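Here's what TrEMBL has on this protein:
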type: BINDING; residues: ALA34, GLY35, ALA36, GLY37, SER38, GLY39, LYS40, THR41; note: ATP binding site
type: DOMAIN; residues: 13-292; note: domain 'UvrD-like helicase ATP-binding'
type: DOMAIN; residues: 293-365; note: domain 'UvrD-like helicase C-terminal'
Amino acid sequence: MAATDQHIEQLLEGLNPPQREAVTHGDGPLLILAGAGSGKTRVLTHRIAFLNHTNRARANEILAITFTNKAAQEMRDRVEGLLGRRARAMWVMTFHAACARMLRAEAPRLGYTKQFTIYDQSDARRLLKRCLDDLGVDPKRFTPGAVHNQISDAKNKLRDAEAYKQLMGSYFEQTVAEAYELYERELLRNNAMDFDDLLVRAVNVLELFPEVRDRYGSAFRHILVDEYQDTNHAQFRWLELLTTQHQNLAVVGDDAQSVYSFRGADIQNILSFEEKYRDAAVIKLEQNYRSSQTILDAANSLISHNRAQKPKHLWTDNGAGDPIKVRELDDEHAEARYVVGEVDKHVDEGGSLSEIAIFYRTNAM
């Protein structure tokens, strides 16, 4: 057996049939619908290694996108474990990191220097406060934070200050429109971009300069994206521009896990993937390795009521497990007393505090 064949056999070892299908998919768009606990990170990393081992892409021709720096580091470590040092040539990073890297080379086309400053949220809100002061806006009525949230939402939807101005209606929106315009001028004057600008300007440079779009489109022969259900419109557009030549885009996501609409995530990006990419292959990862069947049955039942969804049915070989207990209590104080009582009971019976997890919706709880 050739060395390459051995590597591929090792990559596929231990994968279930849908996982194997996702890893070995050839060229063209791919939507991997991955239920919770279905091994999606393993599938992504093994697919990257498969693309490299089968000469579909050299290491530096693969772009893998995650949503957090921690997830990016985990993916880099796993891929390096499969491919060795050559994995270091890959772009494995967050959307914002990839866009920043692109803009360090291309920003002069948009009027910035390559040494532009990236403003974090605190920097951005300080600048916005100065803009609001210059406009004579009462900071108690319209806080920099509230105005910044509106501008951030507009940028995630690729609406510049002029486009936002056309949509304004309320007095607050009129104020935001004026602040947005001044804020953008000040950012450029300071040779600075805020966090949202990294996406917006990366889209701008690909839209305005076809030669840049073609160069990056050719450079990245395969693009892979994790947590696709959490992408916003700017991220969707950036990926669309990068894949105009080859459409070798593999996305992993689960519409049932979309919880970031308040940050601009657009669930339609995953729900309409097959409309955008007509030749897309769709693979469902439904075997769960984490939970009991009792928990999955409850999850399946709840998810079945979602109005818009990609149907999946999660299952496991882990067995039925313990029944789920539901307790309805009068108020939050009764809830707290009940939880403390259950913890005490567990410890009294010889259990450890480290075996207990308490989840809640908001920190205020």
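For all residues, glycine too, the Cβ spot is worked out from N, Cα and C.
TrEMBL does not curate its annotations; it predicts them automatically.
Within 10 Å of its Cβ, the residue among the binding-site residues GLY35, GLY37, GLY39 with the fewest other Cβ atoms is GLY37.
Ranking the binding-site residues ALA34, ALA36 by the number of CB atoms within 10 A of their own CB puts ALA34 at the top. Listed in sequence order, the residues VAL43, ASP254, LEU285, ASN288, TYR289 complete the 8 Å Cβ shell around the ATP site centroid, once ALA34, GLY35, ALA36, GLY37, SER38, GLY39, LYS40, THR41 themselves are left out. Reduced to three states, the DSSP call for ALA34 (ATP binding site) is strand. Look at the Cβ of each of the binding-site residues SER38, THR41 and count the other Cβ atoms within 10 Å; the largest number goes with SER38. The domain 'UvrD-like helicase ATP-binding' (13-292) scores a mean pLDDT of 96 in the predicted structure.
For the recorded site, LYS40 (ATP binding site), the DSSP three-state label reads helix. Helix, strand and coil counts from DSSP across the domain 'UvrD-like helicase C-terminal' (293-365) read 31 helix, 1 strand, 41 coil. LYS40 (ATP binding site): 21 other CB atoms within 10 A of its CB, across all protein chains.
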